[in-house]
Structures are given as structure tokens and as C-alpha cells.
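What follows is a structure written as C-alpha cells; I'll ask about it next.
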Amino acid sequence: MINRNTENQFKLVSKYAPSGDQPQAIETLVDNIEGGEKAQILMGATGTGKTYTMSQVIARVNKPTLVIAHNKTLAGQLYSEFKEFFPENAVEYFVSYYDYYQPEAYVPSSDTYIEKDSSVNDEIDKLRHSATSALLERNDVIVVASVSCIYGLGSPKEYSDSVVSLRPGQEISRDQLLNALVDIQFERNDIDFQRGRFRVRGDVVEIFPASRDEHAFRVEFFGDEIDRIREIESLTGKVLGDVDHLAIFPATHFVTNDDHMETAIAKIQAELEEQLKVFEAEGKLLEAQRLKQRTDYDIEMLREMGYTNGVENYSRHMDGRSEGEPPYTLLDFFPEDYLIMIDESHMTMGQIKGMYNGDRSRKEMLVNYGFRLPSALDNRPLRREEFESHVHQIVYVSATPGDYEMEQTETVVEQIIRPTGLLDPEVEVRPTMGQMDDLLGEINARVEKGERTFITTLTKKMAEDLTDYLKEMGVKVKYMHSDIKTLERTEIIRDLRLGVFDVLIGINLLREGIDVPEVSLVAILDADKEGFLRNERGLIQTIGRAARNSEGHVIMYADKVTESMRKAMEETARRRQIQMAYNEEHGIIPQTIKKEIRDLISVTKAVTQDKEEVVDFNALNKDERKAMIKKLEGQMQEAAEVLDFELAAQIRDMVIELKNM
């Protein structure tokens with residue numbers, strides 16, 4: 001068992017002081033948390049500095065904090081920002097460690113069994129271990145996670161109880177240490193020294209923790225006593241310093257002691273016998289044979305190795321849980337008094353709700369056809385109500401909070417004023433009759449001023465027809481549809497910003513990375529057609545695309561004003577009035593955001609800050625493409641090593657697309 005250090009304090013580092021209505025938002029959120037309020041909403045308009053406000057709140061309340069985002073990219077962006085704000089504290093990153101993941105599945109219509117296939121990202125696996133070990137060691141921890149944090153993880157008690165604690169002067173033989181390391185799933189490898197491994201050289205044992213990537217530890221023995229513990233560079237063996245105490249956490253999150261393992265194996269065998277009887281009674285002899293063969297193999301592996309592929313499917317037995325009981329997750333590694341912040345909650349809470357059902361239907365198929373025992377159903381994500389039971393205090397963060405969040409709390413803290421003084425755009429409704437000619441005139445007016453235009457349509461056909469029409473009228477226009485790959489998409493956005501073309505047409509322009517300060521006009525066609533993209537939240541998000549420019553303007557083309565349109569316009573006008581009053585009172589003149597145009601599709605050496613090298617990928621021959629892939633993979637590794645996961649993911653997408661060219 002390891003004792004958590006609760007004395008560390010969060011220390012926020014920033015050259016900016018809170019401005020606009022950030023001070024009021026921070027004060028209200030902190031007062032409510034300290035007053036014991038369970039749930040509240042931070043409703044912050046686009047570009048108002050919500051992450052900075054979140055950081056200020058974390059520093060003030062000084063609680064371990066879990067920040068959940070709805071995808072890896074956004075989690076990576078938040079992680080980078082929090083690392084900058086809290087350089088002296090433990091800012092951790094916990095997302096799915098699969099670069100590629102094909103879950104185990106069975107398709108009865110074609111009698112196809114799809115074995116689990118995955119590629120584990122070693123860097124992310126390290127960071128996951130770093131997150132869980134930090135949560136057990138200290139209090140000043142921020143974990144930025146995707147919704148994978150509600151998936152089953154091993155028992156935190158078993159994980160904590162399995163920690164091997166070492167100190168100079170401690171009486172323990174070398175062989176006892178080696179056995180202890182094997183028990184927590186470390187591998188002995190005297191040649192290839194990597195994370196989760198140890199090597200032995202006489203009376204010296206070198207251990208490479210699962211949560212590290214550069215530094216390892218050297219334990220020197222004198223007889224049956226530890227003489228000295230040193231931190232070393234894993235590659236060179238260079239000594240970095242002496243260590244008074246070393247805690248070695250297990251190399252896997254699914255770990256159990258020998259007694260619990262025997263009990264678990266007995267339960268697995270008993271369940272197997274029960275399920276075989278069920279299959280035989282139903283005449284499912286093939287399923288029975290399949291299940292017995294697979295389970296017997298897994299039991300043998302658990303007995304001999306303490307581990308098997310797919311061990312998580314037996315986690316209910318290994319954790320000692322009852323049928324239907326929720327699994328342990330990352331949330332169980334936090335102390336009781338912790339804070340949850342849900343970023344883009346209108347998206348993230350929907351994901352949390354939907355995870356359980358999708359997982360359940362796939363696993364039921366595996367159980368029904370003899371690929372897994374029924375207990376595999378309890379290796380699952382949390383249901384939403386189970387997630388709610390883990391909530392001590394929570395802040396939902398969104399420009400457009402969903403109905404669920406609004407039902408949870410009446411406490412809504414607004415953040416409307418932008419530090420740049422920028423206003424929400426003016427919004428007007430125009431009739432659909434003659435909309436093409438009207439829109440053409442508006443576009444030409446923007447082109448003359450060197451500004452750009454977004455047009456959002458509801459159908460692919462309308463987008464294509466509009467693109468053709470505008471091209472005939474001499475407008476430089478492009479259409480961005482869902483089939484466009486990442487590489488092309490980033491190139492299109494860059495070309496729009498540079499003025500290679502002036503108008504971008506799309507169906508859903510709400511995706512992250514579409515904030516373009518040069519866009520002063522957003523045109524919404526078929527604004528009165530109710531649906532996902534034309535509901536109140538969708539419209540507010542689309543309107544926000546024009547909020548980065550001081551000349552921001554939105555035109556909705558519609559024959560009637562729907563309830564969603566009315567609410568979106570009223571909310572935008574309300575925010576705009578507040579922003580204008582603040583600017584007038586403080587003498588602020590709105591300034592368009594000056595955002596550097598990064599050559600996203602060029603081979604950027606961002607890690608070393610060298611100058612950019614622009615490459616036309618389409619002009620490369622086969623050998624040049626191979627060389628480029630190798631070069632990019634090196635840069636991807638460098639980006640990951642300095643924790644710039646956003647860039648690493650971008651480069652990874654380029655590599656994938658280059659391989660497919």
C-alpha cells in the first residue's frame with residue numbers, strides 16, 4: 001500500500017491575468033465548489049478563454065481534477081494547455097492506447113469470428129501508467145482523458161497493494177525482488193531494456209518502470225540488503241542521482257495476487273461448467289466445444305503466467321465483483337473529494353450515455369456463440385447512472401450546454417466577454433427567393449475587402465450545385481465534403497486562409513480546426529429546416545464560426561423563422577449586447593484575431609523549430625514517398641516525445657494517407 005502526499009498545492013503559471021468576465025466566472029465557480037454545490041455549468045462563448053478559467057478554478061480549489069473531452073485530438077490540445085499552466089504539478093493524459101483497434105466480434109450471418117486486433121501506442125500506454133501512479137502518490141494531479149476513462153480498468157486496491165516499495169538499508173534478497181517484479185507482470189530481459197522490464201547484472205538489478213520512457217532505476221545489493229538505489233538514463237546507464245525511496249507500480253493495470261488468482265480461476269471454471277451445461281441442453285455442441293477450448297487455454301495461461309490475452313474479460317472474477325456490478329475504472333483511482341470537468345459537455349455527455357449499449361450488443365453475440373463466458377459482459381464501460389454515482393463535484397463546460405446538463409443543475413455561470421473585445425456576429429434572416437444572386441453579391445463584397453466566406457448547406461447535391469454555380473460566376477470556391485481526407489482538409493483550410501480561394505462550402509462546418517479569423521461572413525442555407533445541423537445548438541455553433549472577425553456577419557436564408565432560429569438569434573443578440581456594453585465601458589475596440597497561418601500539410605519540423613520545408617506529396621515517386629514516410633515517422637516520434645500529441649496525430653494522418661497513395 002502506498003500513502004498519497006496531500007500537501008502539494010497547484011501552482012498556476014501564466015503571463016495573463018483574468019480579464020473580461022473571467023474574474024466573475026472564476027469567483028462564482030470557486031465559491032460554489034467550496035460551498036459544496038455538486039453540479040454547475042460554465043457556459044462560455046467561443047474564444048472567451050474557458051480553459052484558462054478552468055485552470056484558475058483548479059488552482060483555487062486545489063482538488064485532484066479529471067477533465068474529460070469527447071475525442072483524442074481535443075484531449076491532446078487540453079493536455080498541452082494544462083501542461084503550460086501547471087508546469088510544477090502532475091498533468092496527466094489518459095486516452096485509449098490503441099492506434100488501431102478492431103474489437104473482438106462475431107457475425108453469425110456469415111459465421112465470421114473477428115479476433116481482437118490492435119496496435120498499442122507505447123507512448124500513450126506509458127502516460128496511462130503515469131496517470132494512475134500519480135493519482136496514488138500525490139494530490140496535485142490533473143488527468144485529461146477521453147471517454148475511455150469510463151471503461152473497465154483493474155482494481156485500484158490490487159494495483160496499490162501490489163506496489164513494490166524499496167529503500168536503501170531494506171532487508172530483501174535479490175531473488176525476492178526478482179520474484180516480486182515477476183508477480184507484478186514485469187519481464188526479465190537482460191538485452192532489450194524497455195518499459196515494464198528489468199535486467200540483472202550480478203548484485204545489481206535495473207528496473208524500467210511502466211510509467212517512464214527515459215529514466216530507469218538501479219538497485220545495488222550488499223548480501224541480502226539494498227545498499228543503494230540510483231536513478232539512471234535508460235539508454236546510456238548514466239547515473240542521475242541517488243534515491244531514498246522507490247515505488248515500483250505494476251506493469252499492467254489488471255493485476256492480482258496469488259490467493260485471489262486461485263479464487264478467480266475456481267470461479268472461472270465453475271462458470272464454464274454452468275455455461276457448458278446450458279449449451280449442451282440447447283444442442284449447441286459446437287459452441288460448447290469452442291468455449292471449453294478457449295477458456296481452458298486462458299486458465300492454463302493464468303496459472304502459469306498470471307496473465308492471458310483478453311484477461312480483462314475475466315476481470316469480474318479477478319476483482320471479486322458480483323454479476324452486473326460496475327467495473328473499476330480510472331474514476332476509482334481518484335480520492336473521494338475530487339473534481340470533474342466535462343469539456344464540450346453537449347457532445348461528451350452523449351458519448352458517455354451511448355458507450356454501454358454499443359459494447360453490450362457486441363459482447364452478447366460473443367457469449368451466445370461460445371467465444372466468451374457470460375462474465376465477459378461485465379468487462380464494460382460504465383452506464384451513465386453509474387458514472388453519475390462517481391461524481392462528487394462536476395463542472396460542465398460548453399458554449400451550448402445540452403438538455404441533460406440543464407436538467408442536472410440550475411447553476412449556470414456565463415462567460416461571454418472575449419479578451420480580444422470581439423463581438424458575437426450580427427445575424428439576419430433573408431428569404432430563399434433570389435438567394436443565389438443575393439449571396440453572390442455578399443461574397444463579392446467580402447472578396448473586395450480580402451475577407452473569406454463560409455457557406456453551409458444541408459445536402460451534398462446542393463453543395464455541389466452551389467459550387468458549380470459560383471465557379472461559373474467567377475468566384476474562387478471549394479467544397480469540403482465528408483469524403484475528403486485529413487491531409488486534403490488541412491490543405492483546404494490553409495488555402496482558404498491564404499486567399500488561394502475565397503469561399504468554402506460544406507454541410508457540417510462545426511468540426512474542430514475550422515476556426516478561421518479571415519472569415520467575416522457565414523451563410524446558412526435552409527436555416528428553417530429543423531434537424532441536428534439546424535437546431536438551436538447547431539445554429540449557435542455555426543454562428544460562432546464568424547466570431548473570430550471584427551466584421552463578423554451571419555445570414556440565414558429561410559422562408560420562415562423556426563423556434564430554433566429565434567432562440568439562436570436571441571441568444572446571439574443577448575451576448576452581443578453584453579459584449580458591446582462591456583467594450584464601451586472599458587474603451588475596448590474589437591480586433592480580429594491574428595492567427596499565424598501554419599503550413600499544416602507541409603513537413604513541419606515543429607519539434608526542433610527549424611524552418612518549414614514545403615513538399616508537394618502528389619509529385620513524389622514511389623521511392624521518394626517511402627523516404628518521406630520514414631522522415632515523417634521520425635518527426636511523429638519526436639512530437640510524441642515532447643508531448644505535442646496534436647502535431648503527432650496530424651503527422652500520423654499524413655503517414656497513413658501517404659501509404660495509401
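Just so it is clear, glycine is given a Cβ too, placed from its N, Cα and C backbone atoms.
Features from Swiss-Prot:
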- 31-186: domain 'Helicase ATP-binding' (DOMAIN)
- Gly44, Ala45, Thr46, Gly47, Thr48, Gly49, Lys50, Thr51: ATP binding site (BINDING)
- 97-120: motif 'Beta-hairpin' (MOTIF)
- 435-601: domain 'Helicase C-terminal' (DOMAIN)
- 626-661: domain 'UVR' (DOMAIN)
Return the residues near Gly47 (ATP binding site) by Cβ distance under 8 Å, restricted to its own chain and a separation of at least 6 in sequence.
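Arg418, Thr420, Leu422, Asp515, Ala547, Arg548, Ile593 - these are the non-local Cβ neighbours of Gly47 (ATP binding site), listed in sequence order.
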Pick out which of the binding-site residues Gly44, Gly49 has the most other Cβ atoms within 10 Å of its own Cβ.
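Sorting the candidates by Cβ neighbours within 10 Å, the top entry is Gly44.
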Indicate whether Gly44 (ATP binding site) is helix, strand or coil by DSSP.
strand
Compute the centroid of the Cβ atoms of Gly44, Ala45, Thr46, Gly47, Thr48, Gly49, Lys50, Thr51, then list the same-chain residues not in that set whose Cβ lies within 8 Å of it, in sequence order, for the ATP site.
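Sorted by sequence, the hits are Thr53, Ala399, Gln415, Arg418.
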Does Thr48 (ATP binding site) have same-chain partners at least 6 apart in sequence with Cβ under 8 Å from its own Cβ, and which are they?
Gly20, Asp21, Gln22, Gln415, Ile416, Ile417, Arg418, Pro419
Under 8 Å Cβ to Cβ from Thr46 (ATP binding site), same chain, six or more residues apart: give me those in sequence order, or none if nothing qualifies.
Ala399, Asp515, Gly544, Ala547, Arg548
Within the domain 'Helicase ATP-binding' (31-186), what mean pLDDT does the predicted structure show?
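Reported value for the domain 'Helicase ATP-binding' (31-186) is a mean pLDDT of 86.
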If you count Cβ atoms within 10 Å of the Cβ of Lys50 (ATP binding site), leaving out that atom itself, what do you get?
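Excluding its own Cβ, Lys50 (ATP binding site) sees 22 Cβ atoms within 10 Å.
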Indicate whether Thr51 (ATP binding site) is helix, strand or coil by DSSP.
helix
